[in-house]
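Visitor: Feature table excerpt (TrEMBL):
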SIGNAL    1-23  signal peptide
ACT_SITE  His61  active site
ACT_SITE  Glu115  active site
ACT_SITE  His119  active site
Amino acid sequence: MKSNSSILIKLLVLQCLAVVCLSQSFDFFYFVQQWPGSYCDTRQSCCYPETGKPDEDFGIHGLWPNYNDGTYPSSCDRSNSFDESKISDLLSRLEKDWPTLACPSGDGIKFWGHEWSKHGTCSESLLDQYSYFQKALDLKAKSLESIKEAIEQALGVTTIFIDCNVDTRGNHQIYQVYLCVDTSASNFIECPVLPHGRPCGNKIEFPSFSSDSNHDEL
C-alpha cells in the first residue's frame, strides 16, 4: 500500500514539474497590437463588440511567449481554464483596450479565453491569469505614447515589427505591430527574432471604419 502511495505521489510531482517546465520554457514575449480598420479588411466580415464601436486606436491582439529560434509554446496547461471572475475588475479596461472584432458580435470573453488558454498558460509560472491580462494592459499604456511616431519615422526596426496588409485598392495598411518584451512582461527589449509577416510599402495608411468597409455594424 505504501509502495503504491509513493508511486502516486511521484507521478503527481512529475506532472506538476512538467507543467512548470512547459510554462517557464520561453525566452521573451511578443506583445501584438492590431489596427481595427485593417483587421476588418482582412476578413470576410467583422463585427463591433457588444460594447459598441471600438476607438480608432490600436487594440491588443495578445501577449505571446516565444522562443529565440522563432517557434513558440502553445496551450501549455489545459487544466488551467480561463475564469472571468478572476479578472472582474479589469473587464472595463479589456473592453476598451482589448476588444473583439470577431463575428458574431460578442463581449470579448471568448477572445480573452482563447488568448489565455493558447498563450497565457505558457507563462503561468511567472504570471497568473490576473497578472497576464494586467501586464498586457499596462504594456499598451506604455507603448502607445510613441508607437505612431516611431512607425512614421521608421525607427526601431529591430524593436518594432510592422505587419501590413493590402486592401482592394492596393493601399498598404498598418495591420499589426509586434513589440518584444522580457519574460517578466514589464520591459520592452530588442527582438531576438522577428516574426514572419507581410512587407509594408513606403507609405502606410491607418484605415478608418467607414461606410464601405466590410463590417457589420451592430
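From the backbone N, Cα and C atoms, a Cβ is placed for every residue, glycine too.
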Visitor: Return the count of C-beta atoms lying within 10 angstroms of the C-beta of His119 (active site), excluding that atom itself.
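Guide: Around His119 (active site), other Cβ atoms within 10 Å: 24.
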Visitor: Tell me the Cα distance separating His61 (active site) from Glu115 (active site), rounded to the nearest angstrom.
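Guide: Spelling it out, the Cα of Glu115 (active site) and the Cα of His61 (active site) are 8 Å apart.
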Visitor: To the nearest whole angstrom, what is the C-alpha distance linking His119 (active site) and His61 (active site)?
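Guide: A Cα-Cα distance of 11 Å.
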Visitor: Inside 10 Å of the Cβ of Glu115 (active site), count up the other Cβ atoms and send me the figure.
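Guide: Summing over all protein chains shown, Glu115 (active site) has 20 other Cβ atoms within 10 Å.
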Visitor: Using Cβ atoms only, which residues of the same chain lie under 8 Å from His61 (active site) while being at least 6 residues apart in sequence?
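Guide: When sequence neighbours closer than 6 are ignored, His61 (active site) has Val32, Gln33, Gln34, Gln176 within Cβ distance under 8 Å.
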